[in-house]
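S.K.: Here you go, one structure.
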Amino acid sequence: MSIPRILARPWRPLYTPSHPPRPGAPRGWPSSRPSSTSTSTTWGRGAGVAPRPERATQTAEVAPRIENPGPRIQKGPSWVEGKSPRAKNRAPRVEEPNHPRDKPSWAKETPSWVPHVPTSGVEKPPSRIKEPAPKTEDTSVGGNEIGAWDREAAKALIESHGPAFVLSRFEALAERQCRIDGSAGTLGEALREMRALGLTPTPAFYGTALAALAIHPDCLLRSTILDMMRKDWVKSTPEHRIHTALGLLRDGQYEMTLDELDDMHRDGVPVPPYLHEIFIFALARLGFFDEALASLRYRTAQDPPVAQDVLHFLLDTCSAAYHYTTTKHLWRSVTEDPAAAAPSDGILVNVLNTAARHADPSLALEALRHLTDRRVQLSFHHFEPVVEAYAGAGDPEGALRILCVMDSAGIRPGRDATRSLSSFLLSNPSRIPSCIAALEELGQNYKVPIAAPNAILEALVRSGDVPAAEALLARIETLTPNPPTVATFLPFLLAPDPPISACVSASRFRTLSLPAPDLARLAAHLAPHSLDAALRYLRRLDAAHRGPPDAWVAYPDAVRAVAVGLMRGRDERTWEFLAEMGRRNEPLAADVREMGRAGEIE
């Protein structure tokens, strides 16, 4: 056990006791508890520390603990008061009572020994632990919001200080509810308590309550407060109406919110800029873009100018929802200001898609130009909206030009890039000759992709002008340097009466993929004209069909047509084909043999 520093020094009496020392006690140790008027010493630091009790008898009582007596200046020993050269200029030390760092281990508040006190027939000493108060009915406003106030205390304060003092306490309570940890229920309790006390809320309380309800919405309580304000003839201020509008917005009563905002503008109430910006953000997130645009126009007429992040947020939200009017308005606001920040890549793609959906090629080109200036790696989804915008605007020549630009950028357009162009030409076949002339003109400056004439061929075939389509197919090499693809012949293959030359040419493409019924139809259609092409389509039918049953059982007409063609042409593959037919479809093979015996096949 370590000896305290003060005991390790040369012994010196700390004070002169007024009574003789206790027998057996160390020199300088008190023989009994000092009186309450005695000066505290170094071994008993802190006014709140109880001295070491003397050995108790059976009737001894433990001294009650002094609860928080407050800081006091400790009076040190005699050597501190100017007699030591080290302590000449030392200021008196101010210490908090019961500080654990200032008490030696032997001067703890609880003694290390416990006196033996019999429990029978002896009064129990008072406990030093404060017992919890019994629970009573809480009549305070909002639970613990006013501390120890209850209704009786409030009535006493009204009698002693007047109603104005108590009303100021209620106003302070309402101000506390404007914080993030506030509650609308506390305001309701406050109103009920004021009604029970016979107090009329002040205009300041009404205004603060409306401000709190804009943060913690409660539509019923807000309606009650507004009704009380009308009954008490409290004039509605601009702040009251602003907080009411914000509370309605937080409640989700959007129609009433917009009506309140319109009434404020109609009545000439000055609306601060931040309120319009709050409405812009909230309405845009909810999808009310027309109302958000109206709030933006009100905000634009105010000072200072609208922040760029508000404009970019609204442009991004509206363009992602393909809202054309708001997107067009915000695009001009953002791009026409040279000091404004450029829109992000995601916003530009949204603007492209909005322009494509609403057939605005100029807006689509501007967005594409911004992407090009930023040196973004352009891809298919950047060009396709521009083609769709031109086709939707009734300018197929412009769509063909964008296809050429797309191919020049290293992006080869496919059949999916020309859906809008082909649909427009199918609805307007009279524009097809001008498109063919445009292709011839574009071929002088651009490398025309094969997708451009393919779209015109598809429109011709689907409109029923197959001869014109065959004529264009015959001169397709003069329009584009690219060879024909499967998409070039696909419209012919799907026609009711496909031309033989196109079907034969298409059969040579290994990438040709058609449904099994179409392959069976083409095989039967080509059998009298081209057995090689018919057999190629029949082999593709075997690969495309998913049985059971077998493909030659599911499509017997195509197999019969090919067999009859082989027999009529005296082809050397006839017997092998008939043997295969007998293995896969015996009834059909027997039927074909019977037709041969009857002379039906010549």
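Cβ atoms here come from the backbone N, Cα and C positions, even for glycine.
Taken from TrEMBL, the feature compositional bias 'Low complexity' applies to 25-44. The compositional bias 'Basic and acidic residues' annotation in TrEMBL covers 92-106, 125-138. Residues or ranges marked as domain 'Pentatricopeptide repeat-containing protein-mitochondrial' by TrEMBL: 345-472. Positions annotated as region 'Disordered' by TrEMBL: 1-144. TrEMBL lists 379-413 with the feature repeat 'PPR'.
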S.K.: I need to check the long-range neighbours of the repeat 'PPR' (379-413): which residues 6 or more away from its ends have a CB within less than 8 Å of a CB in the stretch?
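M.R.: The answer is 349, 352-353, 355-361, 363-365, 368, 371, 420-421, 423-425, 428, 431, 434-435, 438-439, 442, 446-449, 451-452.
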S.K.: Determine the mean pLDDT over the repeat 'PPR' (379-413), rounding to the nearest whole number.
M.R.: 94
S.K.: Using DSSP, how many residues in the domain 'Pentatricopeptide repeat-containing protein-mitochondrial' (345-472) fall into helix, strand and coil?
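M.R.: Result for the domain 'Pentatricopeptide repeat-containing protein-mitochondrial' (345-472), in helix, strand, coil order: 98 helix, 0 strand, 30 coil.
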